[in-house]
C-alpha cells in the first residue's frame, strides 16, 4: 500500500480559523456527515507535507471540498485499483496543495479620502486592476471607518503587481488633487452656505475649488473639506477662514421693535425666531416679556450674523406696517373648489405671495329669502328690516374672502384666487355624436376630464340637445374645448368613413354557380372578402321572399366594384365549363375516391375539374359526372378510365378468390351441435336428455369443498 499522510486536527483547525462561521457550515454541508478527520485526508508523502496555507480572512479555500474528494477517491483506488492510478491521484492532490500554499496577503496604506476615487464609478477602476492581475482580491475598509489600510490577497506574483498599480494610481490622484480640511461649528454651516447656497457658490466661483460640508450621517459635523488645485484650495481656505473668524467674534446688539409687532415673532412657539436663528448662524434673538411696554430687542451671535438678522427683522416689520386688508368676493359655492384638496391651493398662494387668507364661515341657511323675516302680522322685525333695507346688489358676508399683507402682494393673491374660480362654457356638438364622446361606460368622457382637469356635462338623451357644458379653471377651459372639438372632428371623419363603407352593390349570378364562388369551406369567397375589404352576402335558401340569384356586396365603392369583377370573372370561367357523364363500375368507386376523399381531391386539383359520384340509391350507380374546361374534362375522364381498368382487374381477382373461400353446402346445412350428451346415464331421466352443468358445484365439485349429500339412484353404499 502506498504511504499517505493525514491532515491532522491541528492543521485543519488552523485552516478553519481563517474562515467565517457561515463558510465553515457550508463546507460541512457540502462534504456530508462523515468523520471530520476522514474528510480532510491530504494526499502527500509522509514527513514531507508542505506547510499549511496562511490565514486569509474572508477567503473560502478549496482545500476541504477538493482534497476530500481526491483523498476518498485515492483510498478507494488503493484497495480496488492499481498503483499507477493511485500515484496519479496523489500527484493531483499535491499540486492543488502547493497552489493553495502560494496564496499571500499584503496591506497597503492609502489615504481614505482617495478610496472612492480609486474604486471608481460602480467599482470600474479597481475591477480592472483585479482582472489584469490574475483575479486578485482587493478589499477597501468600510466607508466612514477612517481606516487607510487596503488589503490585497492572491498569488504572490499577482499581489505584488496589483500593489504597484494601486500605489501608482493613488500617487496620481494625490498630485492632481489637493485637499485641505477646515473646522467650523455646525451652527455656522448654514451661514457659510448662505441662503440658497449663495455664499458658498460665490467662493466656488471666485476660486474654482470644491467645498464639501458634512452630511447628517457623518460623525464629525465640524469638518469641512476643500478639494481642487493647490492654488484654488489655498485661496478658498483663506476666504472661509476669514468668514469663520468673523463668526467666532460674538457680539451683542439691540434694536427697537414696536410692541404691537412682538406677537408676530413669538406666536406659534417662536417659529419666526427659530427660522431667523437657523438662517443666520444660530443668532439668539430675545424679545421682552409680555406685559412689559419695552420695545428693546436683543440679538447675540457672530457680528455678521447679528447684522443680517437685524436686517431681516426690519424687513418683517416693514411688511407688517405696510400690511393692508382687502376683500375678494367669490360665491360661497366655489370656496371648496378654490381651497383644493386639504387646502393645498390656498397654502400654495400664501407661500407664493406672503399673505394671509381667511375664508368666511359657511352660511347655515343659504336658501332663505329676504321675505322670510317678515312677521305673520305683516310688521317687519328688527333683523328683517335691516336685511330688507340692505342693497340687494351688495355681496353677502359668506362670499367675502379676507386677504392680508402688502398691498401689491394682496392684489396679486386676489388675482390668483379669482383665477381658481370655476368657469362654465358651452360647446355645440351634434347630438348623434354624444354617445361616442361618452364612450363605453363613460370611459371616453372620463379620460377627457382627467386629461384637462375639467368637468364635462352631456345633456340627457331625452332632451335631444346639442349643447355640452364644460366647467373648470379658465386656464384649462381653452385646452378642454380644443380637445373636445378635436374629438368631434375624429368622430365626424369616422362617420364619413362609415358612410363610404356602406356602399352596396348587387350582382346577379345563377344559383348553380354559388357553391363554386363560395368554394370549399368558404375559401374562395373569404379570399375575395379579405383582398378587397368588403362584405359579401349570399341569399338565404330557406327564404323564398329573397331573390336567389342576387349577391350583395357592401364596402367602399371602389372595393365593391373590384369584388364584383372578381366574382364575375369566376362566373365567366364557370360558364365556359362543360359537364360530361362517364360510366365507371361502382365497385371501383371507393378505390378512386380514396381514404377520406384524398385520392379524388388529388385528381381534381391536378386536372382542375370537379368530379361528382352518385349518391347511394341513385338510379344509375355507375354514372360519374366530370365538370370543367373541355380539355381538362377529357384528360380527367381518360385518367379515371385507366384507373377503372386497373382497379377492376383487382376486383375480379378478389371475387374469384372469395368463391374458393366459401364453406361447402353440406357444412352449411349441418344442424348445430347440442353439446356432449351421454345417453341412458344414471342421472338422466327417461324423457330428459340434458348434458351435465359444468358450472354446478354439485356436478363438478372443487377439491376441499363440502358437497351436499346426494341420493344415489341405486340406494346407499354398503
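Positions of Cβ are set from backbone N, Cα and C atoms, glycine also.
Features as listed in TrEMBL:
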type	residues	note
COILED	226-253	coiled coil
COMPBIAS	382-395	compositional bias 'Basic and acidic residues'
DOMAIN	102-171	domain 'K Homology'
DOMAIN	176-245	domain 'K Homology'
DOMAIN	249-318	domain 'K Homology'
DOMAIN	322-422	domain 'K Homology'
DOMAIN	423-489	domain 'K Homology'
DOMAIN	501-572	domain 'K Homology'
DOMAIN	576-645	domain 'K Homology'
REGION	376-395	region 'Disordered'
REGION	687-718	region 'Disordered'
Intrachain residues whose Cβ lies under 8 Å of the coiled coil (226-253), provided they are six or more past its termini: 177-182, 184-185, 188, 191-192, 199, 203-204, 206-212, 281, 298-307, 310
Per-residue pLDDT averaged over the domain 'K Homology' (501-572), given as an integer: 90
Helix, strand and coil counts within the domain 'K Homology' (249-318) (DSSP): 37 helix, 17 strand, 16 coil
Summary of DSSP states over the domain 'K Homology' (501-572), given as helix, strand and coil counts: 38 helix, 15 strand, 19 coil
Tally of DSSP helical, extended and coil residues in the domain 'K Homology' (176-245): 38 helix, 15 strand, 17 coil
Number of helical, extended and coil residues in the domain 'K Homology' (423-489), per DSSP: 40 helix, 15 strand, 12 coil
